[in-house]
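Report on the structure given below.
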Amino acid sequence: MAAATPTSSTLSKSSSLPFNHTHLFPKTPSILPTLPRAAVKPLFLVSSKNPLSDVLTFPTAAASACDDDKPREECGVVGIYGDPEASRLCYLALHALQHRGQEGAGIVTVHNNVLQSVTGVGLVSDVFSESKLDQLPGSLAIGHVRYSTAGQSMLKNVQPFVAGYRFGSVGVAHNGNLVNYGTLRSNLEDSGSIFNTTSDTEVVLHLIATSKHRPFILRIVDACEKLKGAYSIVFVTEDKLVAVRDPFGFRPLVMGRRSNGAVVFASETCALDLIEATYEREVFPGEVVVVDKNGVQSLCLMSHPQPKQCIFEHIYFALPNSVVFGRSVYESRRRFGEILASESPVDCDVVIAVPDSGVVAALGYAAKAGVPFQQGLIRSHYVGRTFIEPSQKIRDFGVKLKLSPVRAVLEGKRVVVVDDSIVRGTTSSKIVRLLKEAGAKEVHMRIASPPIIGSCYYGVDTPSSEELISNRMSVEEIRDFIGSDSLAFLPFDSLKKLLGSESPNFCYACFSGNYPVEPTELKVKRVGDFVDDGLNGSLESIGGGWVQAKVRF
């Protein structure tokens, strides 16, 4: 993929206050009912080199076809306090979270009380180089990888955002989606606020700037109390790293510590593993964690209801080596496969997976069924957005670029193929056809999630409900549509039984249509028409691929 030229920006504030980079923190956070009032900060100067109007477009890419029929996680966030290699550690952690977003990446660091930013469109390795990381000294950093659900795919929407207000400067990186974004933005604009982006995250910065509270932490609390929806956010100021998670805990956020005492926040534990940080705990739903020279402090943002953690983190989004919501993702997926083998058995000769997200569930299915697991589909990891398409139409061209069947495994065999989900059904039908053309005698689809019948409004990019095949068809009708010899989904009741006493703590809106926080104004993408949030297609057409969310009463 062609890489965009990253942009750099700096927010500066005159200050002679020392910044303690080497303070070691207590092993357990202290619980503080209130925080002392901070001293009034002097005014500061703001300068920016970030061209807010930059837009990057790419050629159409059928190569992404087999991924466009999957839900996509919006993004991943990282925060590091107290390590002299903060920007490089942040870069590595973002690599570990690359699966959560491939459209853009950015890092903000603090050095001599100055917030310095590098952002760009593309993969982490496209955006950052040795010279770019040299521009980001300091022991305090936040980072972000992005796949957008709110806001068009423009350079100005790539996070972290950096802004200034009368008491200082602040950087923010957000994972989630605000269901009251439109109302908040309208109210702020009516009060005179001017927005530079189309991202819901910018609303948070405006709410902080307009808060009447003086201490920065209380400004965050005041701002977050106005937000509805999903948000796991890391903030950085001249001397603090702050992590916040919404009261429902929709999106994951974990805390760890390196051997030198540096504190790390990340969307998944796989990021902690890569930079050799020891996992300590989750940031609790409704919690604000503040890290500064005084150590680690914890505030309760607001009394929170029953947690509603996204079950799709365990089905698809998170890496198998992560621990999410206190549970091993690998173990969850293995058990999903075992349940399918027990409750939807079929006579077969071989079990294969749709790589990569179906592999662990397929291993569980094969072990439980006593049938060999083999690699019947090989995934190419070298297909980017740009390629030369042959002038003669090749059927299922995009899927064939990504997935190659292994005839020696498939020919003459009764095959069970395990995938994590079916969204629109278009890719599943192409995969079934691919397997049968490679000689499979029978193809039995097993899906390691219940049928998806509702769109997500909490930081996951899903098509409109009208495009979700399980919302329009019965299981038998879907089986006929995709052309498989049999089809079975993970039973919803069996999924909840597996989760046991923790079952009420998860959000199942995509399976049930029952939303913990009602989406009254958001829009969702019609993925069949506009993929990659406007990167494919003209700028004028970006807004046309969205449909209004349906309100349930």
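Here the Cβ of each residue, glycine as well, is placed from N, Cα and C on the backbone.
A TrEMBL annotation is a machine prediction, not a hand-curated record.
Feature annotations, courtesy of TrEMBL:
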ACT_SITE  Cys75  active site, nucleophile
BINDING   Cys310, Cys456, Cys507, Cys510  [4Fe-4S] cluster binding site
BINDING   Ser357, Asp419, Asp420  Mg(2+) binding site
DOMAIN    75-294  domain 'Glutamine amidotransferase type-2'
- Message: Averaging the per-residue pLDDT over the domain 'Glutamine amidotransferase type-2' (75-294), what integer do you get?
- Response: 91
- Item | Distance from Asp420 (Mg(2+) binding site) back to Cys510 ([4Fe-4S] cluster binding site), taken between C-alpha atoms, in Å | 14
- Item | Neighbourhood of Asp419 (Mg(2+) binding site) by C-beta distance under 8 A, where only residues 6 or more apart in the same chain count | Ala353, Val354, Ser357, Gly358, Ser428, Ile431, Met445, Arg446, Ile447, Ala448
- Across every protein chain in view, the count of C-beta atoms other than its own within 10 A of the C-beta of Cys510 ([4Fe-4S] cluster binding site) is 29
- Item | Position of peak Cβ density within 10 Å, selected from the recorded positions Cys75, Cys456 | Cys75
- Spacing of the two Cα atoms, Cys310 ([4Fe-4S] cluster binding site) and the residue listed as 'active site, nucleophile', in whole angstrom, works out to 14
- Note on the structure: The number of other Cβ atoms within 10 Å of the Cβ of Asp420 (Mg(2+) binding site), counted over all protein chains shown, is 25
- Message: Spatially, and counting Cα to Cα, which of the binding-site residues is closest to Cys75 (active site, nucleophile)? Options: Asp420, Cys456, Cys507.
- Response: Cys456
- Query: Within 8 Å of the Cβ centroid of the [4Fe-4S] cluster site residues Cys310, Cys456, Cys507, Cys510, which other residues of the same chain have their Cβ?
  - Reply: Phe250, Ile311, Phe312, Tyr458, Val460, Tyr508, Ala509
- Message: Most Cβ neighbours within 10 Å: which of the binding-site residues Cys310, Cys507 is it?
- Response: Cys310
- Message: What does the structure give for the C-alpha distance between Cys456 ([4Fe-4S] cluster binding site) and Asp420 (Mg(2+) binding site)? Integer Å is fine.
- Response: 17
- Including all protein chains shown, what's the count of other C-beta atoms within 10 A of the C-beta of Ser357 (Mg(2+) binding site)? 22
- Quick note, Asp420 (Mg(2+) binding site) and Cys507 ([4Fe-4S] cluster binding site): C-alpha atoms separated, nearest Å, by 17
